[in-house]
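Annotation source Swiss-Prot lists substrate binding site at Asp21, Met22, Asn23, Arg36, His59, Leu60, Gly61, Arg62, Arg114, Arg147, citing sequence analysis. Summarising the annotation, Swiss-Prot assigns ATP binding site to Lys198, Glu320, Gly346, Gly347, Asp348, Thr349.
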Amino acid sequence: MAFLKLTEQNVQGKTVLIRADMNVPFKDGKISDDTRIRASLASIQYCMDNGASVIVMTHLGRPTEGEFHPEDDVAPVAAHLGGLLGKNVKVLNDWRENKPALNAGDVVMLQNVRINKGEKKNDLELGKAYASLCDVFVNDAFGTAHRAQASTEAVAQAAPVACAGVLMAGELDALGKALKQPARPMVAIVAGSKVSTKLTILESLADKVDQLIVGGGIANTFLLAEGKAIGKSLAEHDLVEESKKIMAKMAAKGGSVPLPTDVVVAKAFTADAEAVVKDIADVAEDDMILDIGPKSAAELADLLKAAGTVVWNGPVGVFEFDQFAGGTKALAEAIAQSKAFSIAGGGDTLAAIAKFGVTDQIGYISTGGGAFLEFLEGKELPAVAALEKRGA
């Protein structure tokens, strides 16, 4: 991937427009998790340290275009950002009528981009309006890279210079390292409740990886494809044939989809359900498979420890309930101990990594969510394509 990077630009005396993803959650009117704001600090600080003035833009929530409601206001985000930077960050509501006059080191924020008409439709005129504010446009919002919108794609076409911020460049470099030129053997973990939501990822990764570990409801569908009984476990019977094709594709290239030989079952999906370890052949009609068993976890852990590259998306069991967390914990710890380059993404995966205290031992943790999944699928990300076009 060829694209310009913010850290390679001379921004002295220039106005830099940064598209960040500061779409943070609120609870009782207060920001409950500022991870996304903190993730954007590196690019903002780089510009401040190098004599630029900074305009930040972000979306917040799901407002109706052309309408402004108090809950859509980015003012709390600007105030929190200001607290982290140690300076006042003013919100600009009328930036189209009154172009801001800024000094080096100033940081301001545009009002919520999603209230602007034409934002979601990637309106070129709106993109030009954003671009008119700056000398350099920086996209640092990997989480929205799979969407072609005026603040991510059209602005990149229109700005004098368009480049990737520190966070965006880090994501793209890590994903490129993991998927374009992976160290072998390459192992992927794809888990979740449904094959249907991850089918294109499974098919895409089956072309790339040496071992494809599946977990959760996805594994149950693959177990059905192998003719195993899964009791009343969550599975998709209509995708058994697709699962067989993926296993055949892996086998044809000398790889495999290693399925559990033992599992942890319960009679109910509840926090206090009794967990019982069983061989897969002993699963009863009224059993629900809620985790992989210790024998399977140990075998998969050995695979991960010997890997050159690991891509992880999804916990292999109901890790929120401690009695069904053993499988995910064993794999998380194996990845942490492995010399492999590891990249992990997806909300549940990040929650599991945090729960088991291995955050600092994962090679790269993607902030992307949907963008991370679409990259795994091999899809072109519009905002990234726009940066590549400008960097050519």
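Backbone N, Cα and C define each Cβ position, glycine as well.
Owing to the predicted nature of the structure, the values given are computational and were not obtained by experimental measurement.
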Three-class DSSP assignment, Gly347 (ATP binding site), comes back as helix
Taking the Cβ of each of the binding-site residues and counting other Cβ atoms inside 10 Å, which one has the highest number: His59, Arg114?
His59
Looking at the binding-site residues Asn23, Gly61, Arg114, whose Cα is closest in space to that of Gly346 (ATP binding site)?
Asn23
Counting other C-beta atoms within 10 angstroms, the emptiest spot among the binding-site residues Glu320, Asp348 is Glu320
Cβ-Cβ neighbours of Asn23 (substrate binding site) (radius 10 Å):
19
Around the Cβ of Gly346 (ATP binding site), other Cβ atoms within 10 Å, all chains included, total 23
Rounded Cα distance, in Å, between Arg114 (substrate binding site) and Gly347 (ATP binding site) is 23
For Glu320 (ATP binding site), which of the binding-site residues Asp21, Asn23, His59 has the nearest Cα in space?
Asn23
